[in-house]
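**Q** My structure is below; once you've seen it, I'll send some questions.
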Amino acid sequence: MTVVARLYVIRHGETEWNRARIIQGQADSQLNDLGETQAAMTGEALKAIHFDKAFTSDLSRASKTAEIILQHHPDVILVKDQDLRERFMGKLQGTKGPTNPSEPSLEPIEAMIERSVGWYNREIVPYISSLADNPDGRCRNILVTSHGWLIKSFFKFMTATGMLECTESLLGASPRIPNASLSVVEYSTIGSGSEQRIESTVVQYGDASHLTGTQILHDNADMDALKS
């Protein structure tokens with residue numbers, strides 16, 4: 001077994017709307033001071049990683065998180081993509097919950113999952129497939145910054161459909177994705193020749209251990225507002 005790539009998926013740092021439990025959705029809220037500190041701590045934890053590619057939601061809180069992390073990697077091009085945005089919360093954006101889970105202006109969860117998986121199939125799958133015959137043997141590393149609900153829904157769907165392997169204990173019954181937390185997918189070649197395949201395994205999920213000493217929110221106002 002040879003590890004050919006790792007995908008580092010990071011939720012954006014904290015915003016004032018996170019702190020105030022205001023529904024954000026695709027509203028373009030900014031990182032607060034703690035959020036920038038969290039991003040810097042994440043960057044410090046990952047500074048020894050050689051990143052080959054970097055993607056982010058185009059919303060400021062995610063792209064700023066990525067930019068701070070990439071200060072240690074100035075040669076990496078950051079690609080912004082709307083498909084990595086948080087769920088669109090419609091008329092609920094800028095309000096506080098609890099609220100109506102049937103609000104018609106909400107983006108369907110299925111649509112959010114479809115665009116995140118579509119992004120993965122468009123940007124990540126071909127790149128990983130090209131590494132099956134990796135001549136130099138170097139592990140490639142990909143950085144992604146996005147949002148809590150999208151990350152949680154993406155991993156839940158990908159593991160449920162078998163596109164990613166993951167132990168039940170790692171994902172948990174109701175996992176949380178704290179601000180600036182880290183989830184990692186490891187891609188390994190199995191077998192050889194015509195029998196070779198790439199195995200994709202979640203090895204870290206919602207890990208905020210690198211943020212020790214900071215105040216970490218474990219709730220998500222957008223998700224919690226729709227609970228009955």
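Just so you know, the numbers here start at 1 and follow the chain as drawn.
Just so it is clear, glycine is given a Cβ too, placed from its N, Cα and C backbone atoms.
The annotation substrate binding site is assigned in TrEMBL to Arg11, His12, Gly13, Glu14, Thr15, Glu16, Trp17, Asn18, Arg61. According to TrEMBL, the active site, tele-phosphohistidine intermediate annotation covers His12. Residues or ranges marked as active site, proton donor/acceptor by TrEMBL: Glu86.
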**Q** For Glu86 (active site, proton donor/acceptor), which residues of its chain lie six or more apart in sequence with Cβ-Cβ distance below 8 Å?
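**A** Sequence-distant Cβ neighbours: Gln24, Gly25, Gln26, Ser57, Leu59, Ser146, His147, Gly148, Trp149, Leu150, Asp222.
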**Q** May I ask which residues of the same chain, at least 6 positions away in sequence, place their Cβ under 8 angstroms from the Cβ of Trp17 (substrate binding site)?
**A** Ile23, Gln24, Ala27, Ser29, Ala221
**Q** Measure the Cβ-based neighbour count of Thr15 (substrate binding site), defined as the other Cβ atoms within 10 Å of its Cβ.
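**A** By my count, 22.
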**Q** To the nearest Å, how far is the Cα of Arg61 (substrate binding site) from the Cα of the residue listed as 'active site, tele-phosphohistidine intermediate'?
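**A** Between the Cα atoms of Arg61 (substrate binding site) and the residue listed as 'active site, tele-phosphohistidine intermediate', the distance comes to 6 Å.
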**Q** Within its own chain, what residues at least 6 apart in sequence put their Cβ under 8 Å from the Cβ of His12 (active site, tele-phosphohistidine intermediate), listed in sequence order?
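**A** Listed in sequence order, they are Leu31, Gly35, Ala39, Ser57, Leu59, Arg61, Ala62, Lys64, Thr65, Thr145, Ser146, His147, Asn179, Ala180.
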**Q** Starting from the Cβ of Arg61 (substrate binding site), draw a 10 Å sphere and report how many other Cβ atoms land inside it.
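**A** Step by step: centre on the Cβ of Arg61 (substrate binding site), count other Cβ atoms within 10 Å, giving 28.
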**Q** Far apart in sequence but close in space: which same-chain residues, 6 or more away, have a Cβ under 8 Å from Arg11 (substrate binding site)?
**A** Thr145, Ser146, His147, Gly148, Ile151, Ile177, Pro178, Asn179, Ala180, Ser181
